[in-house]
């Protein structure tokens with residue numbers, strides 16, 4: 001039946017009469033798809049990048065993609081609670097966390113929520129986790145040492161407060177051990193520490209927390225954990241949460257050490273997120289902005305001037321390599337961002353040289369400006385001595401006829417490497433280190449057989465930490481930060497006495513089988 005004009009006109013009039021003006025709310029949207037921790041949401045036209053979205057009044061998400069018809073949201077919680085058609089609301093807020101001294105001694109997740117069962121964090125201070133790094137004019141040059149307690153690092157690869165020093169190497173070569181030892185060594189030095197675990201096993205993180213507690217380090221340390229069982233968005237956010245906690249301390253004039261363990265897993269988490277958000281992949285399937293991902297994070301580590309708080313953040317990012325390949329994409333990215341790298345080598349680790357630091361490949365671009373004068377003086381030629389030793393070691397494989405100077409280089413080098421060996425969780429203070437390296441520099445270790453070098457090292461550490469006279473000399477180094485001729489001579493006398501005690505205790509020891517102590521130092525004891 002055809003409609004007449006009159007009927008059409010009455011229908012239109014009826015529709016106009018009953019029409020209600022409804023305001024379209026562009027602050028509330030709908031989930032159009034959900035999966036793998038990513039939700040696509042339509043209807044939120046004015047949302048900002050990095051803004052928090054709330055689903056069903058309970059689950060939060062982070063806006064990462066802004067498309068014409070929909071937005072991509074990373075779910076920060078259990079995505080199984082969501083389904084297509086669920087409501088999504090803007091919060092008009094970006095992610096912020098609680099910061100301040102109350103967070104020390106606690107284990108938190110990437111959202112700043114406590115996961116250690118010790119109750120809520122009682123802090124009123126909140127900070128946004130995505131912030132711009134301090135500008136050039138807000139910074140100061142790095143000129144103060146951050147002692148790690150590790151002989152090889154403090155002598156040849158010195159780290160300064162405000163520096164970014166990469167720890168890079170294959171898996172199971174002691175990278176985390178170096179970082180944990182550095183944290184333990186900050187006890188009593190008024191340095192706050194943050195350990196960020198990205199993609200680690202929960203059991204590994206629990207073990208690290210226990211070790212820090214056993215050594216009294218949790219008093220000044222906070223642990224941020226985004227374990228392997230958590231979704232990619234949480235692993236992506238964890239390092240930014242860690243550095244945000246550190247920035248609060250830096251801006252109140254305090255020094256902070258932050259460890260990112262590790263940024264390889266962080267890059268993988270970001271790659272996963274990017275691929276799920278349908279961003280175009282680049283080299284090794286990483287997105288084009290993966291360099292910026294790490295540069296914006298590591299540039300937040302700095303030594304700032306007094307107008308900006310006067311504190312510092314020292315960063316120790318960790319990168320895992322495959323088969324010692326430091327030319328991989330993420331490895332070269334982070335090497336170019338940081339101020340040097342500590343390279344751990346599997347062959348050294350397996351040969352018993354621990355920490356397994358390859359001194360030849362490792363470098364600190366801050367250099368000796370971060371060392372006290374005494375350390376600078378006694379370690380100036382150490383790297384060269386080890387380079388000569390490694391060169392001669394390769395050369396000596398081809399022939400047994402070696403001259404005396406080559407034998408001396410090989411013997412001295414092997415003794416230095418023996419002194420550089422160090423057990424985990426046993427950091428040595430930098431003033432005791434100065435004394436050990438003085439013994440090397442002055443060739444006082446000549447008469448000691450290689451197998452007794454570790455005994456000599458223990459004797460010196462014990463002597464200069466227990467004996468009143470020796471302890472007084474160490475205090476003078478701490479106060480003056482340099483070695484006067486008189487102080488050097490007094491320390492040399494004590495070292496020679498300890499060497500004599502060791503050689504006397506060796507059965508069938510023949511001094512003629514070993515090079516003597518240089519005459520100028522031997523005289524000091526004889527003339528006493």
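Each residue, glycine too, has its Cβ placed from N, Cα and C.
Per Swiss-Prot, ATP binding site is recorded for 169, 170, 171, 172, 173, 174, 175, 176. Just so you know, the Cβ of residue 176 (ATP binding site) picks up 20 other Cβ atoms within 10 Å once every protein chain is counted.
Among the features that Swiss-Prot reports, site 'Required for activity' is placed at 362, with the record citing sequence analysis. When secondary structure is read from DSSP and collapsed to three states, residue 362 (site 'Required for activity') falls in the coil class.
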Within 8 Å of the Cβ centre of 169, 170, 171, 172, 173, 174, 175, 176, which other residues of the chain have their Cβ, at the recorded ATP site? 320, 344, 346, 349, 356
Which of these binding-site residues has the least crowded Cβ, counting other Cβ atoms within 10 Å: 169, 174? 174
Validating a neighbour-count step here. Other CB atoms within 10 A of the CB of residue 173 (ATP binding site): how many? 27
How far is it from residue 169 (ATP binding site) to residue 362 (site 'Required for activity'), counting Cα to Cα, in Å? 11
Looking only at DSSP and grouping its letters into three states, which state does residue 175 (ATP binding site) belong to? helix
